[in-house]
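A.B. asks: Below are the structure tokens for one structure; questions will follow.
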Amino acid sequence: GFVHIKNPHLDSMEEDILYHLDLGTKTHNLPAMFGDIKFVCVGGSPNRMRAFAQFVQRELGLAGAGEELPDICAGSDRCAMYRAGPGSPSASHGMGIPSISIMLHELIKLLHHAKCRDVTIIRIGTSGGLGIEAGSVVITDTAVDSSFQPRFEQVVLGDVVLRSTELDKDLAEELLACSREIADFPTLISHTMCTYDFYEGQGRLDSALCSFSSEKKLEYLRRAYDAGVRNIEMESTAFAALCGLCGLKGESCQFYLL
């Protein structure tokens with residue numbers, strides 16, 4: 001079905017400016033530009049998402065393979081977006097919950113204005129791992145917060161709003177089935193822990209501030225493992241919550257580096 005926008009104020013606006021994407025409803029014909037979209041891949045780095053779009057272009061034998069892809073959002077220095085061909089753009093969202101949240105709000109509105117239907121969004125990126133082999137790919141079934149709870153806490157006008165962070169289970173199984181064709185990457189489905197920062201929130205000992213011992217860090221990571229967490233990153237709870245509320249099939253896949 002169509003993308004669900006749960007904001008009655010949008011209907012009364014003369015123009016919707018997608019500021020961080022450098023797009024808008026008056027300046028661009030969004031249905032003509034994006035109405036054929038069925039899949040969107042998002043990731044943190046603009047360079048990675050350009051490389052991913054070029055990879056898709058080569059693998060599918062699409063026209064223009066090997067040529068430089070234009071950045072659709074070139075007028076903004078916040079996000080980048082590339083299209084390898086019809087139906088499947090890739091976009092960057094930066095690092096952390098605030099950054100991905102901004103991009104997703106505007107991307108979801110873009111899909112709505114473009115009258116897209118039955119859209120799947122997949123987040124691809126890197127992460128830290130817990131008790132798994134380096135080089136593994138983790139497909140998230142549920143994103144959990146730093147207390148291992150399946151929730152995203154959004155503060156709205158001073159009130160804390162709790163939102164579900166479950167991702168599409170059928171899509172996770174479909175991606176896992178696809179992974180069996182690629183022997184080079186061990187792949188598993190598990191919980192992903194989303195933290196608010198890279199250093200203290202993930203128990204790193206090399207931050208500018210550190211108030212805990214290595215023993216306390218290891219004890220915390222053991223509790224995370226016992227709760228079903230197999231990797232740690234900084235975007236999945238916001239991603240899962242927004243996709244779920246807006247009727248989008250969403251999944252998050254991370255490559256465990258270290």
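Backbone N, Cα and C define each Cβ position, glycine as well.
Where the annotation comes from TrEMBL, it is an automatic prediction and has not been curated.
According to TrEMBL, the record shows the following:
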type	residues	note
DOMAIN	38-249	domain 'Nucleoside phosphorylase'
BINDING	Arg78, Arg123, Ile124, Gly125, Thr126	phosphate binding site
BINDING	Gln202, Arg204	substrate binding site
A.B. asks: Using a Cβ cut-off under 8 Å and a sequence separation of 6 or more, which residues in the same chain sit near Gln202 (substrate binding site)?
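C.D. replies: Residues satisfying the criterion: Gly128, Thr195, Ile232.
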A.B. asks: Can you give me the same-chain residues 6 or more apart in sequence from Arg78 (phosphate binding site) with a CB-CB distance under 8 Å?
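C.D. replies: When sequence neighbours closer than 6 are ignored, Arg78 (phosphate binding site) has His20, Gly94, Ile102, Met103 within Cβ distance under 8 Å.
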A.B. asks: Would you say which of the binding-site residues Arg123, Arg204 has the most Cβ atoms within 10 Å of its own Cβ?
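C.D. replies: Top count of Cβ atoms within 10 Å goes to Arg123.
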A.B. asks: Using Cα coordinates, what distance in whole Å links Arg123 (phosphate binding site) and Arg204 (substrate binding site)?
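C.D. replies: Just about 24 Å between their Cα atoms.
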A.B. asks: Given Thr126 (phosphate binding site) and Arg204 (substrate binding site), what distance in Å do their CA atoms have, once rounded to a whole number?
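C.D. replies: About 17 Å separate the Cα atoms of these two residues.
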A.B. asks: Starting from the Cβ of Thr126 (phosphate binding site), draw a 10 Å sphere and report how many other Cβ atoms land inside it.
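C.D. replies: There are 15 such Cβ atoms around Thr126 (phosphate binding site).
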A.B. asks: Taking only same-chain residues 6+ apart in sequence, whose CB is under 8 Å from that of Gly125 (phosphate binding site), what do you get?
C.D. replies: Gly43, Gly44, Glu233, Glu235, Ser252, Cys253, Gln254, Phe255
